[in-house]
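A.B. asks: Straight from TrEMBL, here's the annotation block:
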TRANSMEM  6-29  transmembrane segment
TRANSMEM  41-61  transmembrane segment
TRANSMEM  67-88  transmembrane segment
TRANSMEM  100-117  transmembrane segment
TRANSMEM  129-149  transmembrane segment
TRANSMEM  156-179  transmembrane segment
TRANSMEM  191-211  transmembrane segment
TRANSMEM  223-243  transmembrane segment
TRANSMEM  249-271  transmembrane segment
COMPBIAS  277-309  compositional bias 'Basic and acidic residues'
REGION    277-319  region 'Disordered'
Amino acid sequence: MFSVLTLGVASALAYAGAAVAQRAVASYVSERGRRGVLRGAAWWVSLLLNLLGAALHTAALRFGSLVAVQMLGVLTLVAAPLLSATVLRRRMTGAQCSGIAFTVAGVAGLLFLTRSAQSSRTLAPSETAGVVGLTVTVLAICTVAAAVGRRTMTTSLWYAVAAGVAFGAASALTQTAVLKLTDDGALRLPVSAVALTIGVICLAVGGLVLCQLAYRGGLEAPLATMTLVNPVFAAVIGVVVLGDRYATGIPGALAGLAAAAAAGRGVFVLAHTRPEAHTRPEARTRPEVHGRPEAPVRSEAHTHPEAHTHSAATVPERRRLSLGQPVEVHLDGGHEPLDEFLEVERGKRLRLEDVPQHHEAGELRGHQ
């Protein structure tokens with residue numbers, strides 16, 4: 001059990017580092033397009049950490065049950081926001097900490113109810129077909145839901161659900177492939193193990209692409225969703241395909257509902273929370289123009305005349321802006337702070353989704 005715990009914790013930490021790196025890649029793609037992504041260090045760091053996490057996860061599946069190993073993935077949800085806050089030098093907000101606590105408590109409660117899962121065993125051919133069919137069906141539903149979604153966060157969460165399903169199914173197939181290779185010997189290389197390995201590679205690559213799409217909506221909420229869906233789908237595979245039964249009874253069912261509600265609350269809080277931005281000390285004191293605070297500059301044409309005269313940030317077109325839409329920001333002083341949250345260079349293109357949520361869409365504040 002100690003080996004499973006050690007390998008599972010190490011795998012969770014590697015996946016947490018990969019999640020932070022992938023979020024950085026997603027931000028880079030949103031701002032500058034897809035060109036040059038492969039030349040960036042963040043992409044290769046995320047790839048190497050994902051490979052390391054997968055290797056450690058595979059080793060853990062050799063010694064423990066599918067549900068028990070997936071349970072340890074909850075630690076990713078705790079480590080990733082902390083690591084992200086450290087790397088980006090941001091302070092975690094109270095709502096962010098609350099969301100993490102609710103999600104971890106809910107997932108831990110759900111997985112505690114599955115503690116009676118049997119030890120690792122291989123999937124029969126019919127069971128493998130059942131896992132593949134169930135996975136393809138759920139992935140198709142999630143992909144279609146993400147494609148028709150109009151809100152960035154909604155789309156990200158659907159992609160996160162799909163990624164969690166893909167990774168959960170990949171873990172189930174990986175366990176069977178590893179056990180077959182161990183029992184029959186690597187030199188004999190069973191055909192079934194080769195087929196399972198190909199399926200695992202396809203699911204792993206697909207899950208990597210899906211979680212990259214999910215991280216466009218942020219880090220905490222998609223990661224929480226994937227961490228929740230992954231072990232739950234593994235438990236579904238155990239019940240529906242492997243025939244596992246968990247002795248819960250009515251009290252256990254009520255506890256499961258409470259845990260699910262807590263996890264859902266945590267995901268909802270994380271989906272509507274952004275980490276506190278890091279600011280320079282001099283940016284905290286708002287300058288004044290002619291003895292009064294700087295007036296906001298809106299994308300509407302109905303701004304105060306003095307705002308056009310004294311404001312350093314202007315939006316060139318008279319139209320309403322929406323979140324995620326790029327706007328051109330012009331500064332008179334080269335590299336100057338924009339409000340208390342952002343710093344931009346002359347002519348840099350920003351997206352309004354970079355502005356904290358308590359600001360109105362289409363409103364920017366500037367300083368001379």
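Just so you know, glycine gets a Cβ as well, placed from its N, Cα and C.
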A.B. asks: With an 8 Å cut-off on Cβ pairs and a sequence gap of 6 or more, do the transmembrane segment (41-61) and the transmembrane segment (129-149) reach 3 or more such pairs?
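C.D. replies: Contact absent: fewer than 3 Cβ pairs fall under 8 Å.
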A.B. asks: Which sequence positions outside the transmembrane segment (223-243), separated from its termini by at least 6 residues, show Cβ-Cβ distances below 8 Å to it?
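C.D. replies: For the transmembrane segment (223-243), the far contacts come to 19, 66-67, 70-71, 73-74, 76-77, 80-81, 99-100, 103, 106-107, 110-111, 114, 117-118, 121, 123, 127, 130-131, 134, 138, 157, 160-161, 163-165, 167-169, 171-172, 211, 214-215, 263, 266-267, 270.
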